[in-house]
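Here is what TrEMBL records for this protein:
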REGION    34-103  region 'Disordered'
TRANSMEM  123-149  transmembrane segment
DOMAIN    160-271  domain 'Phosphatidic acid phosphatase type 2/haloperoxidase'
TRANSMEM  227-247  transmembrane segment
TRANSMEM  253-274  transmembrane segment
TRANSMEM  286-305  transmembrane segment
TRANSMEM  413-434  transmembrane segment
């Protein structure tokens, strides 16, 4: 009985892992590939002899003629769509609706630019582009500071703790499982920035689940709002990010589901101890030493799991941001800056929305983000050449230098720990000086 259940579970996992389902979903949403006429031989599903331990994805044989998710189509997607556009005429509906596009966010470190594809539903393209951006670096640079400076500093600093650990756990799991991205064809790579990373589980799905649900967990009862509203916002946020990763061709259905459930497991672990971690970071005299040692150690562990990929930098970036924010929280507490509201003032309520409040918040946000971006730019300009000289590497080949752990780990860690510290400590002091607090 147990073996039957296990076999059924494995069968379901293999079904959900099939890239054909990703291609069909893309086809349903109006994404078509422009693949070359010659079809490549499908993978055998066996391990790559040059990369032991890497499990290649199973793909259907070429005689099934999947054609980017449409099992009934045997011609190449790009060719077929051009024929349809021509049949419709220059002013026909196909010409009006179809747009050619290149993959989003070219990766400057890998040089991967991807291949053109056709977009037939621009609304879904922009919707899922927005959804996938909710898990990218620039969103975190904007979201965490806005939350910290304008809404709730306590919720923001605890959210950063969960985000950093969540990303570390997810990226490390990827490097231990070592599954490749969905095969293309049949999948269209709408995004290629993360294509060099492994894919199981989806860390976008993990962060896209951890952030909204952790924020809901931290603010419900602390702020006055209906439970159903908060839960629906968190669930909608999570679903949008998860589905966007399938649309982008970056993850299978199984990887997205696993990322969602894995993130809930991480949240369940942190929920009872998050308050203790936050208090320890702020009050203990040895907290700065523990913060630096623990975050650097985790970075070394992550970098030692596998060969270079862009996930190394993402992990070090999250850990560096978490360390900088935690150190700044300790400094703020010791100096009596940015004290949390007393328990007697809870639950908090939103103040009346006035033009003065909005303009002040936007001005504070604009000044703070400008400071963070300037800090990030200055630290990047200084750190990479310094590390190249320190380790005897040519400073003119930044891409090659950053593919080495001795450069990428300290570079990401130093730059983003300073950015995190500036966000939590320096920027609020600047607001006080400018009378924007």
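A Cβ is built for glycine as well, from the same backbone N, Cα and C atoms used for every other residue.
Values in this document were obtained by computation on a predicted structure and should not be read as measured data.
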**OP:** Give the residue counts of the domain 'Phosphatidic acid phosphatase type 2/haloperoxidase' (160-271) per reduced DSSP state, in the order helix, strand, coil.
**Re:** 74 helix, 4 strand, 34 coil
Subject >> Beyond the flanks of the transmembrane segment (413-434) by 6 or more, those residues with Cβ under 8 Å of it >> reply: 141, 144-145, 148-149, 153, 157, 160, 295-296, 299, 316-325, 327-329, 331-332, 337-338, 364, 367-368, 371-372, 375-376, 379-380, 383
Subject >> Remote residues contacting the transmembrane segment (286-305) - C-beta distance under 8 A, at least 6 residues beyond either end >> reply: 164, 168, 171-172, 175-176, 280, 312, 315-316, 319-320, 322-323, 326-327, 330, 405, 408-409, 413
